[in-house]
Amino acid sequence: ASARDLGARAGALAVAGDSAGGNLAAVAALQLRGSGIAIAHQLLLYPVVDCATEHPSYESLGDGYFLTADAMRWFKRQYFDDGAERASPLASPLAVADLSGAAPATIVSAEFDPLRDEAEAYALRLAQAGTPVSLVRWPGQLHGFASMLGAVDAADRVLSFGADALRRAFDATEAQ
């Protein structure tokens, strides 16, 4: 089926994900650079973008805030055989030497999340590479809060925020 058959706008493709899904979205956006498949936007909610390094928030926020540093270490041991795999650009977008040409991004970090620092470092690296980036640290929130609809008021707000970012990106694509 074509985009027209599905009622979609041709050329309006985005990637999005939260946590490990944010990792997959970020890696896909980077892998598609120069492929002829244009990514209009990447929406990354508290993404895992550095599987090789523990940033300071692992220590300061790694216990008592839902997702723990020990849980992240366990996840990584299940997924990777060794440190070289963890440092691979296919696992750690933050480790990619050249981030130029990446799709515009909206990145959300959560104030009380051990992944906060790596998400914010990735936003900074993208911006330094010339990628338009909007970074928002969501105050008072834990890792995974966007999936807590009905339990956490901020979940609805962050999902609306993300939908608005995607809408703006698609509108900009259509205007080109």
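Just so it is clear, glycine is given a Cβ too, placed from its N, Cα and C backbone atoms.
Non-local contacts of SER19 (active site) by the CB criterion (under 8 A, 6+ apart in sequence, same chain) comprise LEU45, TYR46, PRO47, VAL48, LEU115, HIS143, GLY144. Sequence annotations record features per position, and here TrEMBL assigns active site to SER19.
The domain 'Alpha/beta hydrolase fold-3' (5-146) scores a mean pLDDT of 96 in the predicted structure. Taken from TrEMBL, the feature domain 'Alpha/beta hydrolase fold-3' covers 5-146.
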Tally of DSSP helical, extended and coil residues in the domain 'Alpha/beta hydrolase fold-3' (5-146): 53 helix, 28 strand, 61 coil
